[in-house]
Amino acid sequence: TEGPDFYIPMVNTSGLVRSPYEYPQYYLVNPAAFAFLGAYMFFLIIIGFPVNFLTLYVTLEHKKLRTPLNYILLNLAVSDLFMVIGGFTTTMYSSMHGYFVLGRLGCNIEGFFATLGGMISLWSLAVLAIERWVVVCKPISNFRFGENHAIMGVSMTWLLALSCTVPPLVGWSRYIPEGMQCACGIDYYTRAEGYNNESFVIYMFTCHFSVPLFIIFFCYGRLLCAVKEAAAAQQESETTQRAEREVTRMVVIMVIGFLVCWLPYASVAWFIFTHQGSEFGPLFMAIPSFFAKSSSIYNPVIYICMNKQFRQCMITTLFCGKNPFEGEEEGSSTKTEASSASSVSPA
């Protein structure tokens, strides 16, 4: 059922349209589902905020972490905080009431910040892949990655993210409640007159999903080839072989993490866009959005907590300057400095 500034994902046989800005949406799903959504958002907040905030704090406290290659990881933490503060809090609050209580303006604000955080995160992963490919594979001879390049990479993620999130605020597409009507996102659902949703969705999927997906697969594919070549040239070196296995494992985890985060949401959104008028329930879009929102937790785990240097500094900060696991860390760490492959491993 389509309203002037919303879309209810169900067939309305009664002819009554209940605005998600004014009325509880308990007729869509069992009220227990709204309670679960609120509890899930609360879980993401109490885990996602401390982990990402701690990442920023630890970096400010430890000078050795403030290196150009780590700038993009900090940007990733900032983007996750945008999602937590700008998106999860409002979704939790709305789910407690059963509808989007913040009104049309609140929907624009929540949709903008939640989408901005997601886009910055997505492009940060693409820039991270480019940086590692450039540093390890050296496609440009005599190129030395420095602070200016890192700042440029971070700036690009913000510019690209804004190029996706600002247009719906100024009339090219729009933000509307989606799923269980407690969170707002891009309008994939309608072809509302005057918003040019079709062209925007095609632009978004082409430039802001397909392009970063290609970048990640290309860069990490080339990186794996470089690591395997380095390992093949030093077959007698157990250290190099171990480094290859570590890098391969991390690349696989990174790609899987990206796909788990974005592929379900993007696939369902594209299906809804290309099958407008088809019947689907509110959970059809709500469940994939859970995967995308969960990135605020597993992004820090994959890209930061599994980074030896970040992990050791984080433990030192938490234990007031001491690392009780220092012996274990040193014993389990591999001396991969001798291999060029080691510079890519975030672990």
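Here the Cβ of each residue, glycine as well, is placed from N, Cα and C on the backbone.
Topological domains recorded in Swiss-Prot put Pro20 on the same membrane side as Leu102.
Packing against the transmembrane segment (250-271) from elsewhere in the chain are residues 122, 125, 129, 186, 188, 201, 205, 209, 213, 216-217, 220, 223-224, 284-285, 287-289, 291-292, 294-295, 298-299, 302-303, 306, 344-347: each is 6 or more residues past its ends and has a CB under 8 Å from a CB in it. When pLDDT is averaged over the topological domain 'Extracellular' (94-107), the result is 93. Between the transmembrane segment (150-170) and the listed ranges 34-58, 108-130, 200-221, 284-305, the one holding the most Cβ pairs under 8 Å is 108-130. In the topological domain 'Cytoplasmic' (131-149), the DSSP tally of helix, strand and coil residues is 10 helix, 0 strand, 9 coil. DSSP assigns Asn197 (N-linked glycosylation site) to a helix.
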